[in-house]
């Protein structure tokens, strides 16, 4: 052949070794060496001269001159007589298939369009003829046309059926379609792998189809691709668009060359690299298999598949043109590059590094690189950083929680911020909780910021964070919610829309309960009325530990209790918050306050040594010997038909005998101290004086070894499982305390509804709001005294506070009717109308429309004579600047403190609010202050306006002028609600609090004049470790709200009146908080230098009163007299703590049945007849004893200065 001869001549001319007869073979071998680095791999297809060819090839590699002379157009072994390259045949098969099909489609569309146009014109002609012929000939002439239309319809139906069948076959909506799609993708990857294997061979080589295994596999794959292509073509609605799709183009340039290779017995690597474009569908395949479910994972796989497929495809094109050469250069400028070297070349090109060790030599290769570098650089710069970011984030907060054997975990979700998490962890992981073997898993859909991330790292041994949502079951499975000990949901206390926040948390509860109904959930709620929605969840069960901590209910309940005993809100808030003991050597008020702050509330089962003893006896023994303060026990009724078998009784009195397994509620500094009540043994510890030596003794070890005989108690969550006695508490109580005595039953009027249906609250018939509204002139003519003034900021668009939660504790049924403090609301009438629906069933409530910033309104309601002024705002969360959220409350507080009052107010009894402890002498009328409700003639209208005041009959106690002690607004008892803790610094201008001081360390909070909702955050962890703590707090704070009452309010949104029955009246028999003054009365001798322990024992033994704290003047420790009237709270002082005469003692007082038997009378008379109007009262002042020794003069001066201090509040 001509080309062969040319090659031979060149070979001999160059002086190459070998005879002239081997010139053709040498030329062929040199060309084969130019096409591939491994020429010997192709020599296996030659006949008997393979060994000589191999040796000739190896010798010719070292002849550099031959490369310039040889024209590499023949193959290693000629497949035909001429030895021509046939790459054009492979390429032509693909081009003919593509353009031929495209031409047919376009031709078909053109003919179809012309046919449509012609039929449209013909249809108009036939329609005109049909109209002209008339309807009489329609049946005969149209019959053949109908037959044709039926045939056409049948044909269309058959084609549609085939098309639908093909669509179902390739659709991923059916199992067959999914299997087919996955199979096509897998075979495409297999064909790509075969291409990788064949890329080590020359671009074009002779292959025997019957002997080449890879060619046979590739042929089978492509036959399947051809069938799948046919299905896709049939199912396609737009054939032209289908023909131009990427997957179709891939099939055009990969399937036909395989059939050509079988016909020609040769293989051309060609465009088989286009199979790499199938990798773009990788994310779709994984979605079909339900492997990819999240948006981030889908996006990551999409980016990776597009990047890799583009990279591999471009590398295949460079490999083809560089190993083949330029056709117009007769393929002389080729270079031998492996496929993976081309992959490397494309990567350094996309990254703009370009080392230069590998580069394109052909013109086609360089031209391709010019265009590829533009798109490749853009793709590299955008895809790679995004891929790295997705991979980094996924590794950081993705994945699943791995449970540790023997260690519980809880899931915390909801409002996850730096403030909420830090407050939660500070309380949950406090050292006073003993060993907390619980891991905390936070789940939130937003990744934490740097500060929050640093907080998680500081607690990495016990805290993990996962990004996700509790509304997604997949994320719940990731955090192992089914094996979690509990799930805690935090709320955003500062949100602008509390109802929307509650709705979000309720949806979280629904999602979690739907995934795992048995999980224990503790959630925060902002609005009280939204708690009713939790009752609609079938798996919500408060008896199994599910709890909803309503911040509005508890916040207003704490404030209401401060109206009865100022400072109680601070004391209770400190009790369920974990605080470390801070020791101060200086004799300042902070020293005594911080000693009380370190106390918390714990529960522990009582030792068997206490069995058979009364509650006061056990309480005294614990206080004196064990240095523990027990305030309540858990009572479990033996009556199985009772609606609530298990109750918590606070200071139940001496009628109760304790049995085995009684759970006690203690106030102590840490959990280890409380264990003394469980380990105490009379035989071993009776003579022990140091309470630290009371530990587990031999007697208790013998008891523990005995097999249990009763069912085990519920676990105690003080850091793990507790070994406790196995008996249920059985409390024996005399019937007269469970059901009122005969005298009280006789006095009941069964036809009058005084209490609600549960008997827990005072009730009256619903009143219209117009009947309780006072104008400013009417209020100015009304002398109000001993009342509660509620200053409320709000308007028609403000979120509701829920004032019912403030009024309910003040209307608890354990007060007698005449003991109820009148409540006067001062605020916007538009706002109060929205709240009135929940308030219209409570007695003694009035409204003065106005603003708390108006001094005229404040003077009209006699704010200087009130027992407490409460300042609330419903507009706090509508301001973006947190420092301005409390501006209204702060301005109102400062406005009241700056007011001055004159001496024109009448004379009132100094101790008009005094209580006499039950059991004292009430027979003398001189010891019973008279409470009169008088009407004074109005100057303007002449009608009788009620004067709500408390008058005392002149007796042994001196008369003082009230205005002498409250001539300044600074002496008005006040409590202000704050949203932002740091704003507490603005309430007292004379304090020295640092702006960075924690809230509980500030003077306004310690004095009980400020309250912030943030202190309630500690209830989440306290409730988790002991669910009884929340029940006790709610019992103390809400005045007796129960889950049954909440269900009733959820049904009717109001209290329902009920008749007085022995069962409902029995609910009145419960303790209430009061304040005992040491200025006068039976404890006055202990007030001057006496010990707190002696007072504790005397009050408990004599009057069944349980003392638990002191409300002391701030400067009482100073030797010099002070004009400051501020007080601070001392929680659970020790036995030897010294008392001062001005102290007020916090105590739990028993309900007195007989105190309210004599009815209060209303006298409608003039102001001059005040002294003759009387009504008996349970509010007794403690009489001065005649034989009490005279006090020193300094004491007398203090008596006169503090005569306003009441025996009880």
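Including glycine, each Cβ sits where the backbone N, Cα and C put it.
Among the features that Swiss-Prot reports, compositional bias 'Gly residues' is placed at 1-23. Summarising the annotation, Swiss-Prot assigns S-palmitoyl cysteine to 118, 119, 121. Residues or ranges marked as domain 'RCK N-terminal 1' in Swiss-Prot (evidence: sequence analysis): 407-549. Annotation source Swiss-Prot lists region 'Segment S8' at 613-633. Taken from Swiss-Prot, the feature compositional bias 'Basic and acidic residues' covers 1193-1209.
The Cβ neighbour count for residue 118 (S-palmitoyl cysteine), using a 10 Å radius and every protein chain shown, is 10. Same-chain residues lying 6 or more positions outside the region 'Segment S8' (613-633) and placing a CB less than 8 Å from one of its CB atoms are 606, 648-658, 662-668, 673-674, 676-677, 680, 685, 688, 691, 694, 729, 731, 1032, 1093, 1096-1097, 1100-1101, 1104, 1106, 1108, 1132, 1134-1135, 1148. Per DSSP, the secondary structure of the domain 'RCK N-terminal 1' (407-549) breaks down as 60 helix, 32 strand, 51 coil. A 10 Å cutoff on Cβ-Cβ distances gives residue 121 (S-palmitoyl cysteine) a total of 9 other Cβ atoms nearby, all chains included. Within the model, the domain 'RCK N-terminal 1' (407-549) shows a mean pLDDT value of 92, rounded to a whole number. Other Cβ atoms within 10 Å of the Cβ of residue 119 (S-palmitoyl cysteine) number 11 in total over all chains. Under DSSP, residue 119 (S-palmitoyl cysteine) is assigned to a helix (H, G or I) in the three-state scheme.
For the region 'Segment S8' (613-633), DSSP puts the residue distribution at 10 helix, 6 strand, 5 coil.
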